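Listed in TrEMBL for this protein:
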DOMAIN    A:7-120  domain 'CMP/dCMP-type deaminase'
BINDING   A:56, A:81, A:90  Zn(2+) binding site
ACT_SITE  A:58  active site, proton donor
BINDING   A:160, A:176, A:202, A:232  NADP(+) binding site
BINDING   A:174, A:190, A:206, A:210, A:213, A:297  substrate binding site
């Protein structure tokens, strides 16, 4: 019996997406993909992509199904690959298995190869259905999709403010405006990102480690995001605290210094613009380096610049129920005196209580098509 | 059959509170009260208090029940009165009706008479149950309860800000930071209040009418709140736009002026403190004048003073998804340079999307016991 009922397709695709999610902390520059193989309304194979240089989801599911896959249906959250990459193409294995129908959620976002897998499968007389739970399958790969389509990573920026929009007291004191639960929430976002980006200024003031330190034991051994520091004036020195943590650091600079740096620290030289790092070029560079998702933690200056450049995909703002007063440090710096209709317009996406704080997520008003 | 099951009590009290709510726009300085009379599991009488100088809820319900009330049960959201006020005591009528059991939600909050009604009823051998849905019945009378217990009205203050805590551009431009839906939401709050309080400063800058203008046709004829303007320097003149609207205006002043004022405008003279209106004395005065609930709309100066005095019960803040920049006007003015641990601490109560804006309601950290 063939499972061609749409409700059935949704049912199994949901499970495939759930499987895909299991890889969200480990697949890094690869997308999260899940696959379910079904025959006679029974699941006979499941698989997901775990990490780079290992089997794709389809191969794991086919391995589990074995010969039973013959005349079965495969549910895959992302179009299977048709080219030789780090592994042989999944399309080839799917055809070999004798599977007769494949349900795919999203097409490959890479414009150069999107649709090639489906073409190959159709030529082999496999019945294809696409677009099932498209929104959900894109959501688990927001970074991969954006990078593939724009060459720029998905960019999230985090700030912590009071009700009156202040990020520090007049003397710079900011530890801690928000509650421990908000800080723990930030660690979850850090762990989901390919890289954490900050500035030498933030290192000087707050001296953070910029590692992801989730409280849940089962997440403690996941790979750490790359730490990227904008350091156009070579202020970062080997003695800074965060250097002692062994996860990768990229110092984004205009020229190298002569320090002896440990192996996990890399100086990356980018062409300057007015003696500063050109931010657009930086994000393009990071896209080329296969960074899918960047989590930014910085001060008001970089935050304001990035908002002004309209390059941020999501603003995550933790609001503490406090009033710091007008002498405290502002969230958004805009030196031009502007009129109300010229102000930066955003859009609320989600709101959630995190401990005693409120977390709001905003997107640019003109939605970037991902 | 007597209805002494607790679930049954909750069922009917919920209905009594729903009835009480029908008076929320019209009972003004009186509390909202609802009453249900039940016999043999059938509702035989319903009533609610509509407006001052008319029947209390119990009398309306008894009138509907007529002789059927004999041996019935009454559900009343507030303790019935036992003294002659504007109407004869309800306790007397309840005893006369032959009702044998009365379920009461909240006791009378007036410390001088609280419990007297119950005493009287018990003496007449009526079985009494109290405290059913206490939180809900207090909630519909937050202003009445607070005034009765503290002699000060329930005080709500409304502000509209950007994400970065700004209430106007550098030049004072603030129309409109928030969306039309937020403005309509404000009119609902205005209509629920006994009085709207503002300052001559706000009249000078924004020239508002300060009337409640709900869009729903069925609410358009409800009584308008009293408009109270703090005007210590006699800046308000008869030509100001809001004077043309005929609902009551109280100008709170240090001394009278010699203008000819229309009948609906009253100058109220309060003793000054450093040539200004003493805010604590003002709120005490308004409590004496039976104002249950005050809705404040003002600028950052009065807002900051009231927060500092810790006299506000609820802050209602509409946050527009905009960034106005650090040169714009701040929400909270605090001239002293303080440390983070000294900052004003509040508590989130509710959050809700209103059109494209976010409405947050906050309370003081140390909850006032109402």
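Heads up, the Cβ atoms here are built off N, Cα and C, so glycines get one too.
Whatever TrEMBL says is automated annotation, not expert-curated.
What TrEMBL annotates, mapped onto the structure for a quick look.
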residue : record                 : DSSP class
A:56    : Zn(2+) binding site    : coil
A:90    : Zn(2+) binding site    : helix
A:160   : NADP(+) binding site   : strand
A:174   : substrate binding site : coil
A:202   : NADP(+) binding site   : helix
A:210   : substrate binding site : coil
A:232   : NADP(+) binding site   : coil
A:297   : substrate binding site : strand
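The two recorded residues, residue A:190 (substrate binding site) and residue A:160 (NADP(+) binding site), have Cα atoms 15 Å apart. Annotation note: residue A:81 (Zn(2+) binding site) sits in a coil segment as assigned by DSSP. Rounded to a whole number, the C-alpha distance linking residue A:210 (substrate binding site) with residue A:202 (NADP(+) binding site) is 10 angstrom.
Here the binding-site residues are A:56, A:190, A:213, and the one whose Cβ sees the fewest other Cβ atoms within 10 Å is A:213.
Note on proximity: of the binding-site residues A:56, A:81, A:232, the one nearest residue A:297 (substrate binding site) is A:232, by Cα distance.
Among the record's NADP(+) binders, A:160, A:176, A:202, A:232, no two C-alpha atoms are more than 28 Å apart, and one pair sits at exactly that spread. For the recorded positions A:58, A:206, A:297, the largest tally of other C-beta atoms within 10 A is found at A:58.
A distance of 9 Å separates the Cα atom of residue A:160 (NADP(+) binding site) from that of residue A:174 (substrate binding site).
With residue A:176 (NADP(+) binding site) as the anchor, the candidate binding-site residues are A:81, A:90, A:206, and the one with the nearest CA is A:206.
Using CA atoms as reference points, the binding-site residues A:174, A:202, A:206, A:213, A:232 were checked against residue A:56 (Zn(2+) binding site), and the closest is A:213. Annotation for residue A:174 (substrate binding site): same-chain Cβ neighbours under 8 Å, separated by at least 6 residues, are A:160, A:167, A:168, A:206, A:329. Residue A:90 (Zn(2+) binding site) is 6 Å away from the residue listed as 'active site, proton donor' when you measure Cα to Cα. Of all the binding-site residues listed here (A:81, A:90, A:213), A:213 has the Cα closest to the Cα of residue A:232 (NADP(+) binding site). The residues of the domain 'CMP/dCMP-type deaminase' (A:7-120), classed with DSSP into helix (H, G, I), strand (E, B) and coil, number 40 helix, 25 strand, 49 coil. Sequence-distant contacts of residue A:90 (Zn(2+) binding site), defined by Cβ-Cβ distance under 8 angstroms and a gap of at least six in the same chain, are A:56, A:58, A:59, A:80, A:81, A:82, A:117.
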